[in-house]
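Enquirer: Before I ask anything, here is the structure I am working with.
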Amino acid sequence: MKVRNVIVLGATGSVGTQALEVIAANPARFAVTGIGAGSNIDAAVDQAIRTGARALAIATPPAGGEAQVRRLLEARAEQLGAQVAVETIFTGPEASARLAAEPADVVLNAVTGAAGLTSTLAALESGTDVALANKESLIIGGELVLRTAEENAAQLIPVDSEHSAIAQALRAGRREEVSRLIITASGGPFRGMSADELAAVTPEQALAHPTWNMGTVITTNSATLVNKGLEVIEAHLLFGIDYDRITAVVHPQSRIHSMVEFVDGSTIAQVSPPDMKLPIAYALGTDRDGTTTRIAGATAPEPFDAASSWTFEPVDDANFPALGLAIRAGRAGGTAPAVYNAANEELVDAFHAGSITFPQISEGIAAALDQHLGNGGEATELTLETVLAADRSAREFIAGWLEPAAAEGARA
Ligand code: NDP
Ligand code: MG
């Protein structure tokens with residue numbers, strides 16, 4: 001089997017570091033050819049030396065720029081008794097996108113947030129398959145991302161555990177036999193709380209996820225159910241199933257990662273302990289022709305010999321309105337999902353800065369969507385320019401919305 005060359009973007013984050021571990025454990029299957037990071041230069045330099053990557057991208061470079069990155073690489077190589085294999089260094093806001101356009105078998109996009117869009121597009125435009133952890137790029141780019149993939153005969157391979165589960169379950173039947181996708185949600189740390197309790201939760205509590213250990217934004221999004229909302233839109237785009245046939249269900253144990261219901265009444269579930277290494281390995285093991293060779297030992301299997309119980313409950317839409325808002329944005333289409341996402345990113349920052357309460361995250365998203373759709377925003381045709389403009393104007397709207405909202409939050 002040929003060694004697959006992988007470019008890892010967002011390499012210093014939660015998914016990125018786990019991807020490097022999967023790759024390091026399987027040297028006969030994978031090699032890292034590029035490392036992309038944001039501002040964590042020391043970690044990225046260390047990864048570049050250890051993996052022998054030929055290219056390195058740093059979005060927020062040190063004051064000394066590329067020359068300083070090169071000096072750091074040489075110093076780290078000397079400490080580790082290794083060689084510097086890096087030939088190309090990209091720096092600046094477009095660094096990851098430029099790295100994504102380099103030749104590779106697959107680009108793993110594990111950047112966080114809307115910043116990942118240009119990298120997803122750059123990889124697809126080069127005809128390279130994208131193992132997609134950065135769901136935001138698909139959600140905000142929508143049809144633009146799908147069209148770019150199709151025109152360049154490149155695949156979007158899900159890394160998100162729910163979508164990996166669905167992709168695996170879909171292999172049990174034909175497309176026209178699918179009746180429904182069932183996306184599981186852990187419910188996050190605040191499941192079962194009342195509106196009053198939710199108004200008092202702290203950022204620290206939001207970051208204590210019961211089943212998954214992830215980056216700050218997605219962990220907060222799991223607490224609001226914004227993450228589930230983004231995932232419903234992601235499922236609609238990846239699998240071409242309408243919103244009426246996608247259901248989210250709360251399953252606090254996070255052992256079933258999602259399910260596909262078929263027309264004969266059979267439901268196929270994918271089961272494993274909550275460990276991102278499995279969907280990462282499954283995505284990296286998916287070849288150009290769409291066939292997947294599973295990576296042995298990617299994660300420990302579910303220990304069915306011990307007693308356990310799994311439960312399911314409907315989503316509490318009254319106290320967690322973010323899921324319904326995402327479906328509204330998804331149905332409206334156009335740039336509405338970009339507005340939903342950008343508003344949320346700004347509101348998550350404000351929540352962690354202590355300026356707004358937890359329920360105000362969803363209130364701010366609702367206000368941004370109302371404003372956007374009231375202006376006929378749903379009719380916008382998707383291009384990189386219209387997406388970025390919608391992203392910008394949603395952030396500006398939230399900046400204005402935040403002033404009175406923060407004052408109200410402080411009084412509460
Ligand atoms: P983290 O916050 O842990 O990591 C984010 C990564 O993105 C870091 O490497 C960071 O670099 C990099 N980064 C941030 N901004 C930029 C930028 N402007 N340009 C280039 N790189 C940038 O996030 P996660 O790993 O948790 O999540 C990554 C993506 O995967 C998200 O889209 C998330 O929704 C998705 N995902 C994550 C899961 C998880 O288990 N963590 C599960 C399913 C999906 P640096 O640290 O150097 O600043
Ligand atoms: Mg997920």
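Backbone N, Cα and C define each Cβ position, glycine as well.
TrEMBL does not curate its annotations; it predicts them automatically.
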Enquirer: Given that TrEMBL annotates THR12, GLY13, SER14, VAL15, GLY38, ASN40, ASN134, GLU136 as NADPH-binding, name the residue from GLY192, GLY215, GLY229, GLY240 that shares the site.
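Expert: That NADPH site, as TrEMBL gives it, pairs THR12, GLY13, SER14, VAL15, GLY38, ASN40, ASN134, GLU136 with GLY215.
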Enquirer: Which single residue out of GLU94, GLU102, GLU204, GLU231 does TrEMBL record at the Mn(2+) site shared with ASP160, GLU162?
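Expert: When TrEMBL describes the Mn(2+) site, the candidate it includes is GLU231.
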Enquirer: Can you tell which of the binding-site residues (THR12, SER14) has the fewest other C-beta atoms within 10 angstroms of its C-beta?
Expert: SER14
Enquirer: Over the domain '1-deoxy-D-xylulose 5-phosphate reductoisomerase N-terminal' (6-142), work out the mean pLDDT and round it to an integer.
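Expert: Result for the domain '1-deoxy-D-xylulose 5-phosphate reductoisomerase N-terminal' (6-142): average pLDDT 98.
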Enquirer: Could you tell me how many residues in the domain '1-deoxy-D-xylulose 5-phosphate reductoisomerase N-terminal' (6-142) are helical, how many are strand and how many are coil under DSSP?
Expert: 64 helix, 28 strand, 45 coil
Enquirer: Kindly report the helix/strand/coil residue split of the domain 'DXP reductoisomerase C-terminal' (272-396) according to DSSP, in that order.
Expert: 68 helix, 3 strand, 54 coil
